[in-house]
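In what follows, a single structure is set out as structure tokens and then discussed.
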């Protein structure tokens, strides 16, 4: 509810807010002009008790009110927390209704902290799986990223403001791409092309100031902030560049080149450019991407570091492998004589004795030697 209130306070253009909850007391704290107490007859306004099935039943009971609130919206954002009762159970029901009404439906959800326990994590995973089958695009924000991103002296309230701001950026970034006209314009059809049936998606905003502002803005947008995906390998990409009247063509080209290096070579790319006189000496990049694979949270930082490191040179002379252990009195197989210490070639060859391809030993942990049948009885 706090995340929605913060979105409302930013005055995002062209967005209408609807708050839904099974807890009437919490719902009363919302600043949204439209508020729906889900399943009021079933829950009596006392919440879902952390049970997703109760949240789902409550949303199903309130289907007429939800349909009326969604109306004829072209796009619906569903912001929810996974792992509890209402968000986990009700979000898939609301998403299904939105898609049936013809809206481009995007889920932006938070995942629980690890310390919240296995039960809540499993509930979140189940809810995420159900929601992903009902939305066009899904953006996930793991709360655990707060523990590795914010300073140790951040207050609890300030830390959650950071997570809420990621939800706000997702809504505001996409909404402004559609609603703010530009010199090179991007419209709703462009956004739909990127996000329609996209699955896992990324939405991030980067901002740079000063001499290297284009580079800084592009790199911040590519990094993806709190999200548990990276832009690597994205098949569909939309980026919008906003800057003051001093923004140059070469800066736009620099942003495009940096994004182009990170995505799939055959990606479908749409870009827009907006001149905003209020952005003096500043460039802002809004990036929307889809079609990339989700990366486990623990690996994200390593992947981002790898983007800035040169490739490690390949080892041309690997250490000779340890001799295989044998049973006593076992006769070793006949092998061609080699010059001691001569490096083994790293290649596959055809063994004339058994008529099979044999991969050379010592090239890596995945290498396999096909043992001749007459030796297999000694293994």
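Keep in mind that glycine also has a Cβ here, set from the backbone N, Cα and C atoms.
Remember, TrEMBL labels are computer predictions, not curated facts.
A quick note: this is a predicted structure, and the numbers were derived from the prediction, not measured.
As recorded in TrEMBL, the features of this protein are as follows:
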type	residues	note
BINDING	85, 86, 87, 116, 120, 164	GTP binding site
COMPBIAS	318-335	compositional bias 'Pro residues'
COMPBIAS	336-347	compositional bias 'Low complexity'
DOMAIN	1-182	domain 'Tubulin/FtsZ GTPase'
DOMAIN	184-301	domain 'Tubulin/FtsZ 2-layer sandwich'
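The binding-site residues examined here are 116, 164; by Cβ neighbour count within 10 Å, the least packed of them is 116. In the shown protein chains, 25 other C-beta atoms lie within 10 A of the C-beta of residue 87 (GTP binding site).
Residue pairs drawn from 85, 86, 87, 116, 120, 164, the listed GTP binders, are separated by up to 20 Å at the Cα level. As a summary of secondary structure, the domain 'Tubulin/FtsZ 2-layer sandwich' (184-301) carries 38 helix, 39 strand, 41 coil according to DSSP.
Neighbours of residue 120 (GTP binding site), defined as other CB atoms within 10 A of its CB across all chains, total 19. Around residue 86 (GTP binding site), the same-chain residues six or more apart in sequence whose CB sits under 8 Å from its CB are 20, 21, 22, 23, 38, 47, 48, 55, 58, 80, listed in sequence order. Around residue 85 (GTP binding site), taking its Cβ as the centre, 23 other Cβ atoms fall within 10 Å, counting all chains.
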